[in-house]
Amino acid sequence: YRLTYYTPDYQVAETDILAAFRMTPQPGVPAEECGAAVAAESSTGTWTTVWTDGLTQLDKYKGRCYDLEPVPGENNQYIAYVAYPIDLFEEGSVTNLLTSIVGNVFGFKALRALRLEDLRIPPAYVKTFWGPPHGIQVERDKLNKYGRPLLGCTIKPKLGLSAKNYGRAVYECLRGGLDFTKDDENVNSQSFMRWRDRFLFCAEAIYKAQSETGEIKGHYLNATAGTCEEMYKRANYAAQIGVPIVMHDYLTGGFTANTSLAMFCRDNGLLLHIHRAMHAVIDRQRNHGIHFRVLAKTLRMSGGDHLHSGTVVGKLEGEREVTLGFVDLMRDPYVEKDRSRGIYFTQDWVGLGGTIPVASGGIHVWHMPALTEIFGDDACLQFGGGTLGHPWGNAPGAAANRVASEACVQARNEGRDLSREGGDVIREACKWSPEL
């Protein structure tokens, strides 16, 4: 492999798709051989020379390992940079992109472990994707909500409630001051609560809360299903009853289904909330798998208006700088290379819409100052137990979150330092909000 696929003199083309792999070779296997093997196995190579190689232009189509750097502080671990010609990939297909780059190479014998740390998607390839159904600005315009983070809540217990009781919990949270409530990722259509009943009772809750508060409300109706046809049926029903947003579990549902649903949502005026169930199976190991920043990039291409992104402060794992790095990759039009935040390549999204990061998991009102400072306005903060665990009930829990959020936004706008004064801001707000 090394003679053909390790090319340290290669000049990267503007249209190349670039990958950074964290590579741990087996003892005794040279890093150059491993890097070349990764490039070969994820592009045109196979385990032996085949006569049909002579019938194609291998130099035009092969992946190339063009750089290797040792990982500081790690024994026998390297970052291998691989460049792939754009012609290897089908236009507008995240499925094909991932099948090519990570489909086969991770079981390779010469490697002890392999992790895809980052991808550079060139503008020429980005332009073949539709991206999020609507994007951040259109969502704000649809909801008529500006200048603050959006607030949500996952209805708990996530399994076991009847549709009517579920709808009642939705209504109380929305009436109390939240913008959204949410189906949990494993709420689909079980015997205790079929999807159509849930959709109807949640729609009733949304309309009742809207008429009482004068604000636009939503509930993420989970359209994830066992087949794409059933998923379309559920999303179509949501559009017919006039709700603003549906939801999809994009890793368990698959990228093909997700891209199809994103196109449906764009055509039918629905926002699309994306849950990342199963991500930790893929991204939690430090030296093997796929980093979440890659899953976030591919989701932005496939299509989603919201994506769960970790909290930095709650019960689920997430390092601050690294989390902020992939939050920027989800939202911003252009992101500079910054290794301190785990960003290996400069990424230009050339007009592809942004995805709102969703902070969810073990957060409550005392986290509000930190969340406001870390995520800024273009984020959705979701308090499940932090709303429903309020001693007075769901609506007071929702009111407490809304008051805390608005107090933090006001303090920030007045120039106060939330990292130092956050606790004081919340305590001051308590004086005029008994719920808080």
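Backbone N, Cα and C define each Cβ position, glycine as well.
Annotation source Swiss-Prot lists active site, proton acceptor at K156, H275. Summarising the annotation, Swiss-Prot assigns substrate binding site to N104, T154, K158, R276, H308, S360 and lists sequence analysis as the type of evidence. Look at Swiss-Prot and you will find K182, D184, E185 tagged as Mg(2+) binding site. Annotation source Swiss-Prot lists N6-carboxylysine at K182. Look at Swiss-Prot and you will find K315 tagged as site 'Transition state stabilizer', backed by sequence analysis.
Sequence features annotated in Swiss-Prot and their locations in the structure.
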residue : record                       : CB count, 10 Å
N104    : substrate binding site       : 11
T154    : substrate binding site       : 24
K156    : active site, proton acceptor : 16
K158    : substrate binding site       : 15
D184    : Mg(2+) binding site          : 18
E185    : Mg(2+) binding site          : 20
H275    : active site, proton acceptor : 28
R276    : substrate binding site       : 24
H308    : substrate binding site       : 24
S360    : substrate binding site       : 26
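A distance of 10 Å separates the Cα atom of K158 (substrate binding site) from that of K182 (Mg(2+) binding site). Listed in sequence order, the recorded positions from K156, K182, D184, E185 having a Cα within 10 Å of the Cα of R276 (substrate binding site) are E185. Within 10 Å of K156 (active site, proton acceptor), counting C-alpha to C-alpha distances, fall the following of the recorded positions N104, D184, E185, H275, H308, S360: D184. In this structure the alpha carbons, written CA, of N104 (substrate binding site) and H275 (active site, proton acceptor) are 26 Å apart. Cβ environment of K182 (Mg(2+) binding site): G152, C153, T154, I155, H219, Y220, M247, H273, Q382 lie under 8 Å away, each six or more residues apart in the same chain. Across the structure, S360 (substrate binding site) and H275 (active site, proton acceptor) place their CA atoms 10 angstrom apart. Under the DSSP three-state reduction, H275 (active site, proton acceptor) is assigned to strand. The Cβ centroid of K182, D184, E185 marks the Mg(2+) site; residues of that chain outside this set whose Cβ lies within 8 Å of it are T154, I155, K158, D183, N186, V187, Y220, N222, M247, H275, given in sequence order.
D184 (Mg(2+) binding site) falls within neither a helix nor a strand when secondary structure is assigned with DSSP, and so counts as coil. Put simply, H275 (active site, proton acceptor) is 6 Å from H308 (substrate binding site) when counted between their Cα atoms.
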